[in-house]
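Copied over from TrEMBL, here are the features:
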{"type": "SIGNAL", "residues": "1-22", "note": "signal peptide"}
{"type": "DISULFID", "residues": "Cys61-Cys401", "note": "disulfide bond"}
{"type": "DISULFID", "residues": "Cys263-Cys287", "note": "disulfide bond"}
{"type": "DISULFID", "residues": "Cys422-Cys429", "note": "disulfide bond"}
Amino acid sequence: MLSQFYCLFLLLLHFFVGVTLSEEGECRRLNRADIEGRLSTKTPYRAIANYDETPPKYAGCHPTRIWTIIRHGTRNPSESVILQAQNRLSEIKKRILDQTKPPICTAELEKLRQWHWMHLNATEDEKLLVAEGEDELIELAERMQRRFPDLLPELYNPEWYYFKYTATQRTLKSAESFATGLFGRHRIHTVRYPPPLHEDPVLRFYKGCGKWKTDVDKNPETLVNARRFLAEPQMQSAVEQVRSSTRLPDLQPEDVQLMYTVCAFETAWHRPRHDSGSKSSYESVWCNFFDVAALEALEFFEDLEYYWNDGYGYELTHRIACPAIADMFAAISSSEETRQRRANATLYFTHSGTLLKLLAHLGLARDNKPLTHKHFASERLWRTSQIDAFATNLAFLRYDCDKGNPQVLVLHQERVVRLPGCPQDKDLCPLATLRRIYANSVDHCDREKMCRV
């Protein structure tokens with residue numbers, strides 16, 4: 001009987017005192033890996049990078065050309081997110097702190113008191129590449145160079161290398177950071193870049209595509225599945241979980257999504273510091289209010305948005321990626337085949353929308369059925385946290401062989417992928433086979449006709 005009263009006493013004590021009972025033991029509700037791998041397109045690249053730098057070797061074949069397209073690294077949020085964080089999230093912070101017994105431990109309570117985003121100027125700082133984004137591109141370049149030293153030499157030569165970025169600070173700085181990884185900081189001033197374009201027909205083929213803008217991007221029906229998921233039990237449970245963890249029963253789904261977005265950016269900005277005495281000081285206080293199930297529901301909501309706006313939802317969305325595919329074939333073909341001299345290493349720096357549409361054009365991360373609000377519990381390939389993190393990359397490498405025709409190795413996130421229609425039992429795909437699979441992308445890529453409203 002006494003033991004039953006004792007257990008009841010402990011339960012009541014835990015309920016009233018909460019996680020402050022054990023500051024060190026209970027401050028963190030989730031470990032870092034649980035958070036980092038569920039942040040959709042705000043996932044830091046370190047969470048998915050391939051750290052195996054072993055050069056891939058294929059008997060009798062060696063790489064001679066590379067065409068790679070890379071999303072910019074970790075950046076600041078948009079102007080609207082910065083303003084929401086500075087205003088609405090600051091209100092939520094105040095309401096949590098005003099409680100008699102705030103529902104977080106002492107150390108986290110102090111972090112919440114000190115939290116603010118007033119250091120960000122919403123108009124001047126929006127979407128700028130941050131230090132972590134620079135490191136992501138530097139380290140990616142270093143790993144790529146160690147795998148393919150002959151293809152990515154340490155000395156810059158404008159006839160060998162062709163760099164290009166879009167008319168944004170985040171892709172310019174990403175290109176410069178990648179060049180730093182290849183050539184060293186003291187040599188990057190020699191790298192040549194063509195004038196950047198806002199509506200680049202290869203790097204941002206969807207910009208200026210009127211039909212895509214009206215039929216997909218600005219079409220209210222595009223996000224209907226994401227909106228419907230808000231009413232599904234998993235999303236409602238996520239909202240209730242955060243209401244409970246904050247003790248704010250009137251939080252709205254958009255408040256929970258804002259907390260998730262800020263958690264994501266702050267997690268991406270700061271990698272764990274193992275040399276620090278206090279690891280928690282580098283982790284977002286807002287992540288504390290989520291459990292794994294809530295993070296997974298919020299991630300799925302974003303997967304739905306990107307699937308329908310930038311992926312397989314509408315055929316037009318991925319069809320308009322054909323200029324990039326045509327450019328890839330031109331770059332990895334020899335000058336004898338095309339009668340046009342191209343650099344051996346073509347390096348493009350672009351955006352999430354470009355990479356997702358390209359992946360869909362290639363048939364990668366394609367599920368058997370279209371992704372809808374009812375598919376949360378289903379296994380799915382379309383996971384933006386895996387396929388479209390910051391610094392996401394796609395590469396096509398041409399291999400010339402002592403015997404036989406040229407082959408192509410395709411890499412996504414630094415890992416070999418086998419494209420639909422290519423041999424599924426080997427890494428290399430014959431260049432002729434690849435050309436046949438994507439013949440329409442090269443021979444019938446009439447962007448003007450596809451995009452006409």
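Note that Cβ sites are derived from N, Cα and C of the backbone, with glycine treated the same way.
Closest to Cys401 (disulfide bond) in space, going by CA atoms and restricting to the disulfide-bonded residues Cys263, Cys287, Cys422, Cys429, is Cys429. The Cβ of Cys401 has fewer other Cβ atoms within 10 Å than any other of the disulfide-bonded residues Cys263, Cys401, Cys422, Cys429. Separation of the C-alpha atoms of Cys263 (disulfide bond) and Cys429 (disulfide bond): 41 Å, rounded to the nearest whole number. Rounded to the nearest whole angstrom, the C-alpha distance between Cys429 (disulfide bond) and Cys61 (disulfide bond) is 12. Each of the disulfide-bonded residues Cys61, Cys287 was scored by how many other Cβ atoms lie within 10 Å of its Cβ, and the smallest score goes to Cys61.
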